[in-house]
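Swiss-Prot has this to say about the protein:
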- 1-42: signal peptide (SIGNAL)
- N28: N-linked glycosylation site (CARBOHYD)
- N233: N-linked glycosylation site (CARBOHYD)
- N381: N-linked glycosylation site (CARBOHYD)
- N773: N-linked glycosylation site (CARBOHYD)
Amino acid sequence: MRFSSLLACLGAVGIQAAAIPFQRRVDNTTDSGSLDAAQAAAAIVDGYWLNDLSGKGRAPFNSNPNYKVFRNVKDYGAKGDGVTDDSDAFNRAISDGSRCGPWVCDSSTDSPAVVYVPSGTYLINKPIIFYYMTALIGNPRELPVLKAASSLQALALIDGSPYSNQNGEPGWISTNLFLRQIRNLIIDGTAVAPTSGFQAIHWPASQATTIQNVKIRMTQASNSVHAGIFVENGSGGHMADLDITGGLYGMNIGNQQFTMRNVKISKAVVGISQIWNWGWLYSGLQISDCGTAFSMVNGGSAGKQEVGSAVIIDSEITNCQKFVDSAWSQTSNPTGSGQLVIENIKLTNVPAAVVSNGATVLAGGSLTIQTWGQGNKYAPNASGPSKFQGAISGATRPTGLLQNGKFYSKSKPQYETLSTSSFISARGAGATGDGVTDDTRAVQAAVTQAASQNKVLFFEHGVYKVTNTIYVPPGSRMVGEIFSAIMGSGSTFGDQANPVPIIQIGKPGESGSIEWSDMIVQTQGATPGAIVIQYNLNTALGSGLWDVHTRIGGAKGTNLQVAQCPAVLGQVKPECFSAHTNVHVTKGANGAYFENNWFWTADHDLDDADSTRINIYTGRGFHVEANNVWIWANGAEHHTMYQYQFNAAQDIFAGYIQTETPYFQPTPIAPLPYVSSSKYSDPVYSSSQTSAWGLRLLDAKNVLIYGGGLYSFFDNYDVGCSSPTAPNGFRDCQTRILSIEGSTSVQAFGFSEVGVEWMVTAAGQDKANWKDNLSVYPTTIGYLSYGF
């Protein structure tokens, strides 16, 4: 949730926006069957497997049997010659097929689209308007160029949620804007006059979204008002592998929480302008030749600061006058705002490392900053609060989590060097993906064949229903098409006392690696004994899941929608018991890597016109029992016992992680309708703890959290407990949300909570009261240390 002024957000842009007409609940798109012969021609083979294997994806719950999932912009009239205006062709490709467009619907899972852009230069004179559940993907072998015409008048060349020119209403509620991607593009705005508004991408975004491998080029004129990426709202999100040059701002961004990794910005006046946030993790920034690398001064020290916290790690700043410009002080308003932690930062020719309210508080030069911060501290052993501004005892980084001294990371594989002969098609192997047929045997056969032949298994878009465990052996590589879904169904998953995985990655004791990307795993009907994903492999470096999400209920075909599971307080329906555990990384499954994953038990129906709330019951969230685990850009929401549990786990990197407590709690109280069991190291609940834990650290060691947000917005569906107008900012949806039990060497930086009275409970003792850490809306701790 975010309660902010739209005008304030737009004012922060400093750029005049061109809006588009408002059209409430009217769909003027074409039907997939109405294209003329030229537009309906087969996609041109261009050497990239995603394009060359296209055509078999299906949207099984779409009313149009001819609905096209994959669209090549050249099939819709785009020329890519750098001369012809291709704007309309892009918008036709995106909107074709009565899809979920701005103001038309809140969300939809039955009209996905991959919009593919072959190599070439595409002149753009009107904004490209994004639709729900869309992936705009260029050819990574030779990145296509989207070149802004000099006459372009728009909020952004790619607009993720346009504003109406009639009443200013955005196309979508940004905090519910899920399931979208932009990949493999060059956006060139250099033809636009420096003083004319230009932004490459407008991207209000939430979970299960990403921008990856995008280059943005803008004017380097001193009077430029251009910005590369503008984000003014949302509950995100993830970006990686960006390269931005020029402009007033490389990025002008604000969001509840976000993770950015491997971002290069050069020759902007301000590299990154943080408009507002609750918390943000930046890793691998390379900012050079800018006036200010990173600004977080919005609101100022005398007023109400808009930035909650920022954590910046493993980054390099070169030839900038200032690294960080901040407004924090001992008397910051609110007291928990403006917090900053920087760690392992290499400066080259940067005179001022950190400036606060115009004064240099950390000198620069050419040096490496180990760990430094400012804000509220609870250390050692969660004692506090105390204000701090200066060097702090940084985390002792376990060597197994590092590569060349930095936390290990790996970008999502796109297999751009492979030909089509290196792939196996799930549909071609006999799976239907129609959401009705039992595809268990066909899917298992395809998975086994691909691994044995060292090929990549391509799941064309569809819903692949399975009634037994799909075993994923070491060596597997699997990739989906705009979130192809595997759906577990049936009695195999029916006994919560004897849980069974839907997806089993390796068997206990096995070693090896896998790569899995761009897919969803979901359940159908009552499956109280389902472990949605079980990870067992003792893995080599680089084995993991990228953009793989779990969606439990809230979508067509799941039988877990409004009709079956209405949000009636106190009415607990067994047919809506949907999973024992969402994701389990088991003992011995060391080396697992997760990036940009959303493990979600649905709180509302994505295919309902009014996004109506539903009651779905999942026992446990993300359970980690292994060592050397990386968790980048992760969310776990609405599980009855806990969202995250790190149980006897060691050497864990997590950032940014985010949770929400089930909206219906404490009716029924946790752990109901599930039963706590010592077999799974479940929490024991009491009358003083009636809602789920956001994060539970049980006998864990060396847990490093670089940005986290644990949120509780409701009490029995009453949002009043988290109201922005709560007296004195006291938001009391639940008493406590973070439990540290028997754990050592725990450190957290930029840690926020919403709706919680006590932010930390360590060894059964409540610590860190909300009132001492009230930030821009949540409560925030800059530095937490325990168990040293």
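One is the number of the first residue shown, and numbering goes on along the chain from there.
From the backbone N, Cα and C atoms, a Cβ is placed for every residue, glycine too.
Of all the glycosylation sites listed (N233, N381, N773), N381 has the fewest other CB atoms within 10 A of its CB. A gap of 17 Å separates the Cα atoms of N773 (N-linked glycosylation site) and N381 (N-linked glycosylation site).
Cα of N233 (N-linked glycosylation site) to Cα of N381 (N-linked glycosylation site): a span of 35 Å.
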